[in-house]
Amino acid sequence: MQCALYDAGRCRSCQWITQPIPEQLSAKTADLKNLLADFPVEEWCAPVSGPEQGFRNKAKMVVSGSVEKPLLGMLHRDGTPEDLCDCPLYPASFAPVFAALKPFIARAGLTPYNVARKRGELKYILLTESQSDGGMMLRFVLRSDTKLAQLRKALPWLQEQLPQLKVITVNIQPVHMAIMEGETEIYLTEQQALAERFNDVPLWIRPQSFFQTNPAVASQLYATARDWVRQLPVKHMWDLFCGVGGFGLHCATPDMQLTGIEIAPEAIACAKQSAAELGLTRLQFQALDSTQFASAQGEVPELVLVNPPRRGIGKPLCDYLSTMAPRFIIYSSCNAQTMAKDIRELPGYRIERVQLFDMFPHTAHYEVLTLLVKQ
């Protein structure tokens, strides 16, 4: 991938950009095999990759500069701002949005937040695009609601320029820290969720729900999990850390009993909406802590699917899964180091199958799907 920002030394986020994709995949596979070296693996599936540029469906832009000349991008460690509107990881459809946002920031008087001086209002611009219909969700992260009335007043101009903006919100993040968002979300549009579709499964993206940033590879990840589950004798499964329900909604059949658990209520609202659209009445989604939910249940499903954050599922849940002993565990991980650590805490299981998904090209990061079978 050619990147003028990288070539000019202005951005180094894609550390592996000079390596061809096959070399990147080889290095990631070697890393994964090294992490799982202590465990016999029955089957290594070929790694899955997608486009090497224009694949991201989300931009997280730090706003800096002045209200007349805002910069959208990032801050270097020394506080120097860098405009990243030309980043080749973004699809071409993002360019007109960034171009319209800069004059809009001036129109609405949204002074960029100055970290050093602790002054200003506009901290971040968060943009997400749906692959299914090109609709977009735009979030303004502000320090307070001081400029809210001005923003509302100026908004019709922006909506006229960019009719693809289906969901627009303001998030209030009052803390002087590098935290992306606060708890308060104010909707400026009637529509509150972005419609997405992977493999004919309807999914919904709400402002404070996690959603994969590489749709091409994420849809293959979900489809693979579905194919693996269909090969197993499973009538009852749990989907822990389920997010908006991507895995559970793909894996469920009309006669399967499935419970999806996720701590974020926004994500659960999305999952319930999708299940209703699919007419899957035996699916239950609840906003709870996954470990607390699992350890409070009496009935044991045949399959537990886990998709934890980078920290992994942790010893308490590993201990409980070992005691509960479901026949199958599918572990989807964005951090193979913590996954390997967790598998070590599940001594009663063998690794049947492993597949790497290159969700983050040009970096050392990847996703991995692992099928564990009770010995």
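Placed from the backbone N, Cα and C atoms, the Cβ positions cover glycine too.
Under the heading active site, nucleophile, Swiss-Prot lists Cys334. Annotation comment: Swiss-Prot describes Cys3, Cys11, Cys14, Cys87 as [4Fe-4S] cluster binding site, evidence class sequence analysis. The S-adenosyl-L-methionine binding site annotation in Swiss-Prot covers Gln212, Phe241, Glu262, Asn307, and the record cites sequence analysis as its basis.
Features per Swiss-Prot, on structure.
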| residue | record | Cβ contacts under 8 Å, 6 or more apart |
| --- | --- | --- |
| Cys3 | [4Fe-4S] cluster binding site | Cys11, Cys14, Ile17, Cys87, Pro88 |
| Gln212 | S-adenosyl-L-methionine binding site | Ala218, Leu221, Gly246, Met359 |
| Phe241 | S-adenosyl-L-methionine binding site | Ile261, Glu262, Ser290, Val306, Asn307, Pro308, Pro309, Ile313 |
| Cys334 | active site, nucleophile | Pro309, Arg310, Met359, His365, Glu367 |
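Every protein chain considered, the tally of other Cβ atoms within 10 Å of the Cβ of Cys14 ([4Fe-4S] cluster binding site) stands at 19. All protein chains shown were included, and the count of other CB atoms within 10 Å of the CB of Glu262 (S-adenosyl-L-methionine binding site) stands at 28. Binding-site extent for S-adenosyl-L-methionine: residues Gln212, Phe241, Glu262, Asn307, maximum pairwise Cα distance 15 Å (rounded to the nearest whole number). Sequence-ordered, the extra residues of this chain that approach the S-adenosyl-L-methionine site, with Cβ no more than 8 Å from the Cβ center of Gln212, Phe241, Glu262, Asn307, are Phe210, Cys242, Gly243, Val244, Gly246, Phe247, Ala267, Pro308, Ser332. A strand conformation is recorded for Glu262 (S-adenosyl-L-methionine binding site) in the three-state DSSP classification. The [4Fe-4S] cluster site is defined by Cys3, Cys11, Cys14, Cys87, and by the 8 Å test on Cβ atoms against their centroid, the other residues of the chain that qualify are Leu5, Tyr6, Ser13, Ile17, Leu84, Pro88, Leu89, His362.
All chains included, 20 other C-beta atoms sit within 10 angstroms of the C-beta of Cys11 ([4Fe-4S] cluster binding site).
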